[in-house]
Structures are given as structure tokens and as C-alpha cells.
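Heads up: the structure comes next, in C-alpha cells.
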Amino acid sequence: MLSKKLTVDKIPHMIKNKRVLVRVDFNVPIKDGKVADPTRIVSTLDTINFLKENGAKSIVLMSHLGRPKGVRQEQFSLAPVVPALEDIIGQKVNFLNDCIGTEVEGEVANTKDGNILLLENLRFYLEEEGKGVINGEKVKADPTKVESFRSQLTRLGDLYVNDAFGTCHRAHSSMVGVNVDTRAAGFLLKKELDYFSKVLEDPKRPLTVILGGAKVADKIQLINNLLDLADEMIIGGGMAFTFNKVLNNTPIGASLYDEEGAKTVHGIMEKAKEKGVKIHIPSDFVCAESFAEDAKFAYKLKMKESQDGWLGLDIGDKTIRSFDEVIRRSNTLFWNGPSGVFEWKNFAKGSHAMLQAVTESTKNGTVSVCGGGDTLNLLKQVDGAKENISHVSTGGGASLELVEGKELPGIKALSDIN
């Protein structure tokens, strides 16, 4: 249960004079030796400030950057993060040139009260991920060395805080191997847990799930798990053509068709019927002569009228109105995937209309949670859209696995609330 995990706001009385080891996600883009986008650093500020305000003896930050695959490579050093981190928190940060070892332990033990330290990239060691590449060969870490690595990390803190949701689906040493008594979620991770529990554990009804994406096969676990939870489900994106062809035997021209996923469509519909979930698929589309931004296109072209060679790239006006009604009668929304090729202006209308319906519903009290890279890119196209969604997940693969019903190792490793 996500809502039963210990969060840092529950333990202010335990922080004073303690060394707090914090797993953050500073996997930020570096350009010309500087941080190009500090968003992930900024997102940890609430947790760092809370630990400072409650008298932590020291705050030891650990992270990965890039994919060095178990070998020290200076291009993946966390050193360039330090100036950006200092600007954001308004305090000097001591950067350590390693993440384990006697020198690191000595620095942490002897640091002045109130200091913040940043360890070097965890993934310079095979033992963090448990595998890597050495001299072009894939290798697995020695289990004995993994245990030693985890023990050395554990010696750096009295308390452990995890604020790296995006890595919670990985059973990496820094996520599951810090063996201290108190292991709490930071504020960034807490927000993810709070909002996903509102979708997965205690949603305000009706709960509507909006799914896009190219292939049914890629979303089958997600769909199956959400059918146990949802009241209504909207199927958009490339998946819609597979559903239409299988269920209605409609010609789809050159539109995307997922042969593997097609085998699962009837099973999905049977489960939906059994669970009482209404599934909505598009009834009209915007089609193009070819898959190109400047292709000749036609509005409101029903698929049964679609010429061979044409392909659907967005939903049509009738579908927009239908989906709009479903969204606006919902009290909880989970959105993963746009309805069309929104990157191209001629095929963005459907996705933008759905975004408008979601944001306006949110303003009226609906709880809305969005996740997935394409959905986030859509939000970036519209000024102020992100601020009008209840929660935009930073998790990527972690949020996807959570909604698929999987237990995330990084969350499982947190202490339970007593």
C-alpha cells in the first residue's frame, strides 16, 4: 500500500544531529560542462530544506548521472552539478571524488554540522546496478562485492531518505541496499505516492483512464491492471486503429495496425464487460495521404471511407466531443498518451482538445494524474497546462510499472508507518 509508507514529514523529531543519506536523481543534461536543465535539482529543494530546518548534522546526497556502466568515466562525473546545486540551495556543497571508501567515510564523519555533501556518481561501480560493461564485455557484479558496496553506503548515514522516484523500479544498491532502521520517502517521492494512491487505491468515482500509444501489446499489462480499477477507459493514439479493425472490421487504410496486440483485443473487451468498465474508441479521424507533417489531409474522414494508402493521425470532431463528455463527468483521471501526432499542427487538435478538457475538469475539482514522455511533451506545448494538472509524474518507467500493478523495489524498501 503506497499510503502506508513512511515519509520524511512524519519524522522531524528524528532528524536533529543525524547524518541523513539522501538518494536523489541528479541525472541532468550537461552541456559544455554546465547543467543545461536544473529541474531535477530544483525538485529536491523541499526535502533538503526540511532536513536543514530540522537540524540534520549533515546531508549526504547520492545520485547517478548517465550510463557509465560500472566504469569511472569523467564525462559522467557529478562535479558539474555542484555550482548549480549551490545556486539553488544557497549554500556551499562539498563534492567528494568517490561514493564509498575510507576517505569518503572520513569526510562524512568529520564534516561540520549543517554541511551538505555530494558523492560522486554511484554508477561508477558495477555494484550499484549489479551489472555493467568492461572492455566491451557485459559482466555481472560479484554478490559479495555488492554486499560490501551496500555496507559502505550504509555507513554514511543514520537515516535514509529516497527522493528519486524515477529509479524506484530498479533494485539498485542505493535504492534497496541501505540498511538503516529508518528509511523514508522525501517530498518529491511523497507527492508521487500520494497522487498514485488517489488513482490506484482510493479514487474518487468515476475514475477514467485515457490511454494513447502506438501498440496494444505495449500497453496490455497497463490496460489489464487498470480494468480492475477504472469506471471508463478512453483508447486513443495508434492503438485505436487496431481496436477498430478487430471490433468493427473497419478498413484502416495504411494506419498503424498491431498484429500481436490484435490478439488481445477481444479479451480486453470481455474483461471490461465483466468489470463493468465502459471502453470508448474513436469513431472518426483526421487522415493523411502519407506520414508527413505537410501531407495532404482530410478532416472527419470516417475510417470506413478511408482510401487505401491514407492513414489516421488524429481523432475527428465527433470523437473529440464524445471524449470531452467522458472526461468532464470524471472525478479522477489518469492520462498516459496523446490521441494523435500532436507534434504536427494539422494533427494536434484532438490531443489539445483533450488537454483542455482535462485542465478544465481539474479546475472544477477533478484529480488528474499524467505520466509518460509523450504526454509530458504535449503539456510543454501549452503555456500553463502543467500547472493546471493535479500531478505530472516525473517517473517515466517507474510510474508505468506502478500503474501496471508491479511492486517497485525502491518503494518496497521504505519503512512502513507503524
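Yeah, the Cβs are placed from backbone N, Cα and C, and that goes for glycine too.
Residues or ranges marked as (2R)-3-phosphoglycerate binding site by Swiss-Prot on the basis of similarity to another entry: V24, D25, F26, N27, R40, S63, H64, G66, R67, L122, R123, H169, R170. DSSP classifies R123 ((2R)-3-phosphoglycerate binding site) as helix under the three-state reduction. Summarising the environment of R123 ((2R)-3-phosphoglycerate binding site), the number of other Cβ atoms within 10 Å of its Cβ, over all protein chains shown, is 26.
Taking a C-beta cut-off of under 8 angstroms and a sequence separation of 6 or more, G237 (ADP binding site) has the following same-chain neighbours: L211, G212, G213, A214, G337, P338, S339, G340. For G213, G237, F342, the entry in Swiss-Prot reads ADP binding site.
Marked as CDP binding site by Swiss-Prot: G213, D218, G237, G337, F342. Under DSSP, G213 (ADP binding site) is assigned to coil, being neither helix nor strand in the three-state scheme.
For the recorded site, E343 (ATP binding site), the DSSP three-state label reads coil. Around E343 (ATP binding site), the C-beta neighbours below 8 angstroms that are at least 6 residues distant in the chain are N377. Per Swiss-Prot, ATP binding site is recorded for A214, K219, G238, G312, E343, D374, T375.
The AMP binding site annotation in Swiss-Prot covers A214, K215, K219, G238, G312, E343.
Positions annotated as Mg(2+) binding site by Swiss-Prot, on the basis of similarity to another entry: A214, A217, D218, D374. In this structure, D218 (CDP binding site) is part of a helix by DSSP. D218 (CDP binding site) counts 15 other C-beta atoms within 10 Å of its own C-beta, drawing on all protein chains shown.
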Residue from F26, R67, R170, F342, T375 whose C-alpha is spatially nearest that of A217 (Mg(2+) binding site), among the binding-site residues: T375
F26 ((2R)-3-phosphoglycerate binding site): secondary structure state under DSSP, collapsed to three categories: coil
Cβ atoms near K215 (AMP binding site) (within 10 Å, other residues, all chains): 17
Candidates V24, R67, G213, A214: member of the binding-site residues with the richest Cβ shell (10 Å): V24
Minimum Cα separation from R123 ((2R)-3-phosphoglycerate binding site), reported as the residue among binding-site residues K219, G238, G312, F342, D374 that achieves it: D374
By Cα-Cα distance, the member of binding-site residues G312, F342, D374 nearest R40 ((2R)-3-phosphoglycerate binding site): D374
